[in-house]
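J.: Below are the structure tokens for one structure; questions will follow.
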Amino acid sequence: MPMKFEFSFSKSHRPAGGAAVLLQVAGAKEAAGAAVVDPEGVLAKAAKIGKFTGKALSTLDVIAPHGSPADRIVLLGLGDAGGVGDHDWLKAGGAAAAKLRSAEKITVFLDAPGLEVTGKAAADFALGMEMNAYGFESYKTRKSDDEPKAAQKPVKVTIVTGTVIAAKKAFMTAQAVGEGVFLARDLVNEPANVLGPVEFAARAKELERLGVDVEILTEREMKKLGMGALLGVAQGSSRPPRLVVMQWKGGKAKEKPVAFIGKGVVFDTGGISIKPASGMEEMKGDMGGAAAVTGLMHVLAARKAAVNAIGIIGLVENMPDGSAQRPGDIVTSMSGQTIEVINTDAEGRLVLGDALWYCNDRFKPQLMIDLATLTGAIMVALSNHYAGLFSNDDRLAEQLLAAGLATQERLWRMPLGKEYDKMIDSKFADMKNTGGRHGGSVTAAQFLKRFVKDTPWAHLDIAGTAMGSPTDEINQSWGSGFGVRLLDQLVRANYES
């Protein structure tokens, strides 16, 4: 069972047993809190013997010496004082949580000598602990005999810092971010037999308790709008599609909204162009873009962001059936443009095409950003470490790249151009839904570009980062929640009034 934490912040605290975490920068003579938990100065000798130098994320775990009010002491390195950024505090918190799986109470001495510690740093450290401890075990009925008692109830964590008031305020925002990330992770991790389009829409509807206006369009309503591209993907499944429109109105009344659009294929068999059996179970995560948009809308509402934001998610299931669309079919999108379906496994762009057009036509946003686990080609290019960024607007692209660096949800800008656009021209329709294997992620983006007009737009291909990416200090989950922190940072830095 994943650990749960109950945090408090204090200017001073003397532990009464439990574990104490002492932070130290590289080259410092002592760690934060050493005078409290190590009155005899034993830690310095232990650090020398253990060759602990304060290197980033390095640890030294010792039984508390005689006279210490703690039972266990963990020295945790932060690295060079001049290089400690926001993300480093998250990772440090994650490293602490990973080290203290069996702890029943924890005291963290945060104010490392030689380092200026802010309230946000304290909040980020706490969020890092929570992000590391996240787990998805809803369907496990057998618990291991050696499961720590700490997992049964919240572990009390006292963070000792001189910035208590600022830390408490920052932690309220950090908690909102964490909730959004965990919502996205939960949605991606959920099995497809439980989370269909209707059930996903119901989860999104729950955001109304935070003040989000949620509207759910049915199949009949989408037919009236002419969403033939999205509906073509859904027609092979017995589970009806949904289009969910989420509105957060935290900005000025007449201020144009920022819009986020997510691909929500709750399970992707590939349709008639069926995928190989090996690994197909992972296609329950083909709604990672929709999960990220839903998580983001939770964050914006929970922290009362001063922005008008739209979240739109197209929810379908792509199944082979007697009524499923075939290669060679031609569908008419909401835009009026016709599309020849070459490969039914290139379905996400069909869903997004209608969703993008609907968003632009109805809301006239100042920008649109779509997120999608769209192509395997982006994983060939970037592996699991970067998401692909495609954009028709340099300013928006630069803002996204900066947000990626700040959150370490990193993006790499990919090309767009007329040469690639020609690759999706069709002999029989206005366009075809795939341009072949070469440049597959680029031609997919070019397809989407045909549905955005002149609105500043960016497409994030998160196929390699939304699920199955390498674990690290702040993510031990298969579904990562990628994109939630990235886009919250984008909004926070550029679009809040």
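Each residue, glycine too, has its Cβ placed from N, Cα and C.
According to Swiss-Prot, the active site annotation covers LYS275, ARG349, on the basis of sequence analysis. The Mn(2+) 2 binding site feature in Swiss-Prot is assigned to LYS263, ASP268, ASP286, GLU347; the stated evidence is sequence analysis. The Mn(2+) 1 binding site annotation in Swiss-Prot covers ASP268, ASP345, GLU347.
I would like each feature placed in context: is it buried or exposed, what are its neighbours, and how far apart are things?
T.: The secondary structure of LYS275 (active site), as reduced to three states from DSSP, is coil rather than helix or strand. The 10 Å shell around the Cβ of LYS275 (active site) contains 15 further Cβ atoms across the protein chains shown.
According to DSSP, ARG349 (active site) sits within a helical segment.
In the three-state DSSP classification, ASP286 (Mn(2+) 2 binding site) falls within coil.
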J.: Quick check for the class: what is the C-alpha distance, in angstrom and rounded, between ASP286 (Mn(2+) 2 binding site) and LYS275 (active site)?
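T.: Checking the Cα atoms of ASP286 (Mn(2+) 2 binding site) and LYS275 (active site) gives a distance of 13 Å.
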J.: What other residues of this chain sit with their CB within 8 A of the center of the CB atoms of LYS263, ASP268, ASP286, GLU347, the recorded Mn(2+) 2 site?
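T.: Residues close to the Mn(2+) 2 site, other than LYS263, ASP268, ASP286, GLU347: VAL233, GLY264, VAL265, MET283, MET287, VAL316, ASN318, GLY348, VAL351, ALA372, THR373, LEU374.
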J.: Around ASP345 (Mn(2+) 1 binding site), which residues of its chain at least 6 apart sit with Cβ under 8 Å of its Cβ?
T.: ASP268, GLY270, GLY271, SER273, ILE274, LYS275, ASN318
J.: Near GLU347 (Mn(2+) 2 binding site), how many other Cβ atoms are within 10 Å of its Cβ?
T.: 29
J.: Run through the Cβ atoms and count how many others sit within 10 Å of the one on ASP268 (Mn(2+) 2 binding site).
T.: 26
J.: LYS263 (Mn(2+) 2 binding site) to ARG349 (active site): how many Å between their Cα atoms?
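T.: ARG349 (active site) has its Cα 8 Å from the Cα of LYS263 (Mn(2+) 2 binding site).
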J.: Return the residues near ARG349 (active site) by Cβ distance under 8 Å, restricted to its own chain and a separation of at least 6 in sequence.
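T.: Long-range Cβ contacts: ALA372, LEU374, ASN433, ALA444, PHE447, LEU448.
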J.: Cβ atoms within 10 Å, counted per site: which of LYS263, ASP286 has the most, among these binding-site residues?
T.: LYS263
